[in-house]
Amino acid sequence: MSNFAVSLPEVIAVLPAAGIGSRMLADCPKQYLTVGGKTIIEHAIFSLLHHPRIQRVIVVIHPQDTQFSRLSVAQDPRISTVYGGDQRANSVMAGLQLAGQAEWVLVHDAARPCLHLDDLSRLLSITECSQVGGILAAPVRDTMKRAEPGIQAIAHTVDRQDLWHALTPQLFPLELLKLCLSRALREGVAVTDEASALEHCGYHPILVTGRSDNIKVTRPEDLALAEFYLTQRQSLNNDSL
């Protein structure tokens, strides 16, 4: 057993993968598209399982999903599956029900195949100093424009000084995330990521600076970019051997 597992709190990961990814214009959900020799979801799962502090990964799938069980990673004893709901928050809640007595839970997008181990380690380190949790995020570098309501015309430029792109994984105490998600769902709040549920309840999660190449594959052009990042990483790994 690793020193991480002995000295630091147990962390369970939840991977919501019940969406259909209609913006990809593909014949299958985006998480099952192949990039860098593996499906996107396999890359996402392996990036978590390679860290010694991640004890289990709970994959939340669509009730009609027949593809995940065919993947070799589905046979890993550290993998559990559960059916999700029609919204991300419902799917995450379904995953949390299988988390048992874990102290901390980490939620990662199934469509983010390029997570770096050092980013994950930095995020996990906040369990030693925070009771609220935090997220990987990247400072906004582009000039941001707000549009006029209902039309594609610029209303004004948004000050990017304190703007961040929210990424995943996002890490929170299990019971706190359950409480905040339940309240947000009950009150009809739009939960676009787990941090927004905590924000709704008055909490302020930590922003942990992450790499901007931790992209979410959402549109067809993202596949080529993910392929480039993964190929580049593999090349660097081979050069270091």
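Please read every residue number as a count from 1 along the shown chain.
Including glycine, each Cβ sits where the backbone N, Cα and C put it.
On a predicted model such as this, the values are computed, not experimentally measured, just so you know.
Under the heading site 'Transition state stabilizer', Swiss-Prot lists Arg23 (among others), citing sequence analysis as support.
Marked as site 'Transition state stabilizer' by Swiss-Prot: Lys30 (among others).
Look at Swiss-Prot and you will find Arg160 (among others) tagged as site 'Positions MEP for the nucleophilic attack', backed by sequence analysis. Around the Cβ of Arg160 (site 'Positions MEP for the nucleophilic attack'), a 10 Å sphere holds 13 further Cβ atoms from the protein chains shown.
Residues annotated as site 'Positions MEP for the nucleophilic attack' in Swiss-Prot: Lys216 (among others). Listed in sequence order, Asp109, Ala111, Arg112, Leu167, Thr168, Asp222 are the same-chain residues six or more apart from Lys216 (site 'Positions MEP for the nucleophilic attack') with CB atoms under 8 A from its CB. In the three-state DSSP classification, Lys216 (site 'Positions MEP for the nucleophilic attack') falls within coil.
Taking only the Cα positions, the spacing between Arg160 (site 'Positions MEP for the nucleophilic attack') and Lys30 (site 'Transition state stabilizer') is 31 angstrom. If you draw a 10 Å sphere around the CB of Lys30 (site 'Transition state stabilizer'), it holds 26 other CB atoms from the protein chains shown.
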